[in-house]
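Q: Sharing the features that Swiss-Prot gives for it:
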{"type": "BINDING", "residues": "Tyr35, Tyr167, Gln171", "note": "L-tyrosine binding site"}
{"type": "MOTIF", "residues": "40-49", "note": "motif ''HIGH' region'"}
{"type": "MOTIF", "residues": "227-231", "note": "motif ''KMSKS' region'"}
{"type": "BINDING", "residues": "Lys230", "note": "ATP binding site"}
{"type": "DOMAIN", "residues": "341-405", "note": "domain 'S4 RNA-binding'"}
Amino acid sequence: MNLSLKVLDKRGFLKQCTNLEELSTLMDREKIVFYVGVDATSASLHIGHLIPFMVMLHLQRQGHIPIILIGGGTTKIGDPSGKDSMRKILLKEDIDENVKTISSQLLKIIDLSNGGYILNNAEWLDGINYIEFLREVGIYFSVNRMLSFETYKRRLKDGLSFIEFNYQLLQSYDFYMLSRMKNCKLQIGGDDQWGNIVSGVDLVNRKSGNKVFGLTLPLITRSDGKKMGKSEKGAVYLDSELYSVYDFYQYFRNIPDLDVKKFLYLFTFLEEEEIERIASVKGQLLNNAKEILAFEITKIVHGKDEALKASSAAKAAFKGGDGRADIPFFKLELTNLEESILLVDLMVLAKVVSSKSEARRLIDSGGVYIDKVRVGDQNYCLCKDNFINGEIELKIGKKKILRIVL
């Protein structure tokens, strides 16, 4: 197997390939152009999107040429893959803004200065003539075959709109255009994209005669059954305005023990020998491996300086030491404090809980601390005198810390 593919296989990235042997031979012979696509359905990507872009970084390190494709056009349709119902149709203005923010996020992670492209498929999709598209592209698609793919089979039971049914044709056309414009030979995506990717490979092969390939990656799950990329605060976004760098670091610092080695392979560039060494310990000693994992992935997404700050803040919060200023904080307006404020109200205001009832349950269970002192009274109030040097430390359970600042 080609060296680049061996690296991906060893690290747990490979799931399915349209023709692994031929792809390996091609990659032995030349450096290929490949692409990863992502739709602009949100203002930010989350960590569930990271896997294909980690693969992109690995292949780029081996000299292959990446294309980041932002779906400014396909987002107007909505991909039914992995969805139980039709996606909300977004306004064009919102999609355009999402394209800008997602592009900015990805260019912080992937350096294209030495070769590569970032493109928006709206460039060729927005101006399509529907009749011509059906004549030039639609003739290569079999409805029977499309309905054989899991995405469509599952959705047919609950209702599949015609607009979504068109999505596979558009994604396939993307591959055709990238093959024609940039000599792109490989599309990479999550395994839920298998049907779309295979259809794209077939379209390119049949319409242009070019030999291209598709490669899918496993959908990553956690050993505790929680969905990858979700936390108590919601999605773990890559945008630090939506999800702080500290919380991003803490998400990976607090993964289950059983996931440490797997995530070190997936989310870092550490060598195999080092991963095996640092992940071979058990119990409390495994915390060091979690800290390394959290630092490495935070460095990739947010940069080394921000990773150092997050690491320092975590040590200050849980072990003492410098870095306290980098612990996340909530600014409490004096108008909210007045003479005093109930702790349960403050917890809701600071968004560490979603409701007063949740705050009361946490207090009753002994999981709430003010300046390292456990609070056992649901009616506990805070006044200005509690804010020594203008702040207090609110701790929820063992892992969540927030500075409340006046």
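For all residues, glycine too, the Cβ spot is worked out from N, Cα and C.
Just so it is clear, the model here is predicted, and its values are computed rather than measured.
On this model, are these features tucked inside or out on the surface, and what's nearby?
A: Its own atom aside, the Cβ of Tyr167 (L-tyrosine binding site) has 22 Cβ atoms within 10 angstroms in the protein chains shown. Tyr167 (L-tyrosine binding site) carries a helical DSSP state (H, G or I).
Proximity of distant same-chain residues to the motif ''HIGH' region' (40-49), defined by a Cβ-Cβ separation under 8 Å and at least 6 residues beyond the stretch ends, is recorded for 70-72, 75, 78, 87, 90, 95, 97-99, 101-102, 105-106, 220, 227-229, 235-239, 242-243, 248, 251.
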Q: For the domain 'S4 RNA-binding' (341-405), would you mind checking the mean pLDDT of the predicted model?
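A: Here the mean pLDDT over the domain 'S4 RNA-binding' (341-405) amounts to 87.
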Q: Mind checking how the domain 'S4 RNA-binding' (341-405) divides into helix, strand and coil residues in DSSP?
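A: Secondary-structure breakdown of the domain 'S4 RNA-binding' (341-405): 22 helix, 21 strand, 22 coil.
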Q: Within 10 Å of the Cβ of Tyr35 (L-tyrosine binding site), how many other Cβ atoms can be counted across all chains shown?
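A: Step by step: centre on the Cβ of Tyr35 (L-tyrosine binding site), count other Cβ atoms within 10 Å, giving 25.
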